[in-house]
Amino acid sequence: MTEPLLHAGTARPGDAGEEADPDVEHPGGFWSDAWRRLRGRPLFWVASAIILVLLVMAVFPSLFTAVDPRAADLAGSGATPGPDAPLGRDLQGRDVYARAIYGAGPTLAVGVLATLGTVLLGALAGLLGGYRGGWPDSLLSRFAEVFAGLPFVLGGIVILTTYNPPGQLVGESRLVVQVVATIVVLSWPMAMRIMRAATITARDQDYVRAARALGAGRLRVVFRHILPNTLAPVLVYATIQLGAFIGAEATLSFLGIGLKDPVVSWGVMIAESQDRVAQIPHAILFPAGFLVVTVLAFVMLGDAVRDALDPRGR
Amino acid sequence: MRRWATAVAAALALALLVAACGGGGGDEQSAQTVGIEWGEPENPLIPGNTTEQNGGDVIDALFAGLVKYDVDTGQPSNEVADAITTTDNRTFTIRIRPGWTFHDGTPVTSQSFVDSWNWTAAGPNAAGAQSFMEKIDGYDEVSPEVPTAPTMRGLRVVDPQTFTVTLEQPFTIFPLTLGYSAYYPMPQRFFTDRAGYEAAPVGNGEFRFESRTPNQNLVLVRNDQYAGSVKPQVQRLDFRVYSELQTSYDDVLSGNLDHVRQVPPAALTGDRWRTDLGAGAHQKEGLVTDSLGVPLYDPRFANPLVRQAISMSIDRQTITQQIFGGVYRPATGYATSAADGYVPNQCGELCTFDPQRARQLLAQAGGFAGPLTLTANSDGGHDPYMEAVATSIRQTLGIDARYAPVPSFSEQRRLANAQQFTGLFRNGWQGDYPSIETFLTQLYRTGASSNDYGYANPAVDAALSQADQAPTTQAANAGYAAAERTILADMPNIPLWSRPVIYGNSARVAEAEHNPLNRQDTTTYRLNPQG
Amino acid sequence: MGRYTLRRLLQLVPVFLGTTFIVYALVWGLSDDPFAGKCGQRECSPAYIATMTERYNLDDNILVQYLKYLGALLTGDFGQTFSGTEVSSLIATAYPVTIRLALVALLIEAVIGILAGIVSGVRGRGFVDSLVLVSTLFLISLPVFVTGLVLKQVLGVELGIIRTSVPNDPSFGDLLVPGFVLGSLSMAYVARLTRTSLVENARADFVRTAVAKGLTHRRVVGVHMLRNSLIPVVTFLGTDLGALMGGAIVTEGVFNIRGIGGLVFRGILQQDTATVVGIVVLLVIVYLVANLVVDLLYAVLDPRIRYD
């Protein structure tokens, strides 16, 4: 990433806290340094490979299975894994493997988009509030508290039933967007509070004061000095929230207002199977397993990115 | 560091203190108490204002009615009533037995019944069971928001032990309906001190009110002055509020609770519940049916052939077997076998799974346009079977049938009241008294209170009226059965299956029975001798 | 600090009014027929609707309705449910249970989470770190009800170590397993957060200085690193306490804990507006106060942060 012209004159003096680390002085700038460090991490490549497979699964599910995920053989309800259905059948007699494959797309769409939305919205608000302080901070924080005070179930029911009259059919992509929007609207305050706390800590650090004293532009201070120092908690939060948001999507489905037939997601599969966890455990354990692997991949990716972005990194 | 450690230790100590205070409790009483799975009632505990199960279960223990339904057969027999006589099936003379008293010591008289029924019928009281009085002469004058008469002229007190009921039209099976909770007597206390009554309800039944903690539990204690023929045996009933059926079921299995009024569907699979509960597992024929209502106001469903095709595309046998462990019975008509006047196999081939014939009928009707939605409320545990029914229709008829749930029962009712369903809707029905009539009049008469389909067939209305006025119960039942056949051919409501009465007792319980109306008969409750 | 606190307390007023108004409007506006389903399968009688309309002032404009509600609220009157129960008495029985459960859950997630975070953070990458990572991820990915049902089935029904449901007036021990279930997701997050913060701070100047000064490893970790690493953790715990105080629908359901979560959940589904609004009003206050306390804690934990 090239430095914006605006900041060209103040590129060096801001690094007061980093002088011990010769790595940072490497030509090519902060972001390309980060990329170089990232490339060298095996963790990054493993995580990327898993995510790539998941993405292919999401976009071309038919590459992985020829079975229709909606086809049900009720007589074979709850069948255990076997040659006929590799991961067994659920209560309705549907192939768990085919459903898990077809569920990857909507699951990732909801999980990733909701995480991105929450983090972007929350981080932006937190950064602004924490750095600026004063009345904008108060306003933003109090505004966030209004949203945080709403129970998730109530907010979900209100938002989703307002935009979808009950009992009516809604297109798949529209429903995904609505579910994502619902989760973002109701979850951003947490991301904001975390970002705000990290910003407040970073704002008063010596090197930030130094950068400001040396006349660094406001934007530059925020993005060049504060952001990298606040990313760690936000990334931890984001990667873990990915799993939690997929769970939130399951909650909405369970209430009958989230994703629904013919759309399938891992959350839907888990919600559907919860009553019979003792009788048909494979219908819940396999989608949960897919979820573990996915969250693991994103957490590893997050770890790698954080390490690479850390200006004090080796 | 030290400051920190102190703070953490203080917080810990505080948490432990708050968490530990309270807790525990004496166990002397619990040996004599039967714990019953329960849910918060939707209304104050007034017989005329209660139509749902939770309130009804407590009211049935608190009150005794004119007639009582046999715990095994559901047949009515006189309880508070000494005799119910009529010559024209329109005016009934009811004589009550002496010796009945309310829990506050006041006697149960004919006035107690007349006052109670008038209160329930009166418009300004907005009672939930108001429509149960609609057959009584003079109902139309007292039921509006601004009544034109204070009481119904059809009710007349002859003497403290006798009163007469005159109906607008003859209704032959009227005495049989009188065991329903809406017809229970009310003490004078209720009319003079309503708030006091609601805080501590007073009845004439086998148990007295002791205490209640909202959203936690309600305790009843044995009424030793009970005048009924069968006396209660256990000392106390503890109705405990549960939010999850599965938890109450686990509690019965591990001995924390004595009685579950239902069994989670998951436990029905493979007869697991019989293994789990052993001798505590109980099942008998009941009055509950599930069906799919058809929105006849949607022109896509106007052709009866479409409705019949859908009915014949549902594999009821496999669904009841796989989802309900074979405990539920595929429907062969609207009524259930526990109802007086039930005729088997009224529906015939129309309720039989026949993929070929179903496709044929649909083709004959010119197919079905657009997706077919099936709607139910997600908060009632209907998802698994609605999903299965939608799949059965889709895979048989090749149309895009989908389950499209709504979040709550109130949402479902809102759509029903506003006639806004765009597809088939779940329709559960619990009969109020053991007669075939309870499955027909309120559901299929033109403009009837639960006719959510917008069904109107003058021939059916006429047949039902005729049956109401038949000279004998047998003749009435024959008339109802004939009307049922006519309705089934029109198929405004697609029968799915009947739910038997299923309940479970813990190992402590010797006996705790429900009657076929799925109401608890608390006089049967007995604990095993301590050992 | 004193002025800051005062200003924050003053700010509570508009937020409180805003939130409660939104909730009030949302719940009543949820349906154009608030009485649907209140009378079983039948439609409610006009008389019933008239009575209820009067009881809840439904004929008024929403703002007037809200002000009337607020007026009653200020005199301590939370209103009545549709079934005629005082909402205040519902809250009075349910809230102590919720508070106990929330404290137990918070305690478990804080103690286990921070310890796991320290262990994996101090040791650095290795077996322990991976073990903590995988086990926390496992907890995150398993939905709460699965954790709850499995623990209940194994410990309650099969081994008989715990009760399968929590009694109405639960003790600390009764709530241990439900608290673990409820806190499991946050526990994973606390562990990750502590670990990340520690690793970050291990490279910070003040730690290098401390090490250079020759302080013991214990003291460096215990005083210098931990104290600075705990700021994001404390933020999270504080906010989470606010969330936990809001009740836990799933955990309460699985163990039949008669707390606030199930109450508000059923209130929403049954559109029992008085219950929902009353409880949410209370939750908003709790949440706002929790946030305020967290903000004040920053200053205590990190002397570099000052509120002017």
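Cβ from N, Cα, C; glycine included.
Per TrEMBL, the feature region 'Disordered' maps to A:1-25.
Same-chain residues lying 6+ beyond the ends of the transmembrane segment (A:43-64) with a Cβ under 8 Å from its Cβ atoms: 101-102, 104-105, 107-109, 293-294, 296-298, 300-301, 303-305, 308. What TrEMBL records for A:43-64 (among others) is transmembrane segment.
Look at TrEMBL and you will find A:104-302 tagged as domain 'ABC transmembrane type-1'.
Outside the transmembrane segment (A:108-131) by six or more residues, the chain places 54-55, 58, 137, 140-141, 144, 176, 179-181, 183-184, 187-200, 203, 221-222, 226-227, 230, 234, 237-238, 241-243, 245-246, 248-249, 259, 265, 267, 294 with a CB less than 8 A from a CB of the stretch. As annotated by TrEMBL, transmembrane segment applies to A:108-131 (among others).
Summarising the annotation, TrEMBL assigns transmembrane segment to A:143-163 (among others). Long-range contacts of the transmembrane segment (A:143-163) within the same chain, counting only residues at least 6 positions beyond its ends with a Cβ under 8 Å from a Cβ of the stretch, are 125, 178-179, 181-182, 185-186, 188-190, 192-193, 248, 251-252, 255, 257-258.
The transmembrane segment annotation in TrEMBL covers A:175-195 (among others). Sequence-distant neighbours of the transmembrane segment (A:175-195) (same chain, 6+ residues past either end, Cβ-Cβ under 8 Å): 106, 109-110, 113-114, 117-119, 121-123, 125-127, 129-130, 140-141, 144-145, 147-148, 150, 152, 155-156, 159-160, 163-164, 230, 233-234, 237-238, 241, 245, 248-249, 252, 258-260, 263.
According to TrEMBL, the transmembrane segment annotation covers A:234-259 (among others).
The feature transmembrane segment is assigned by TrEMBL to A:279-302 (among others).
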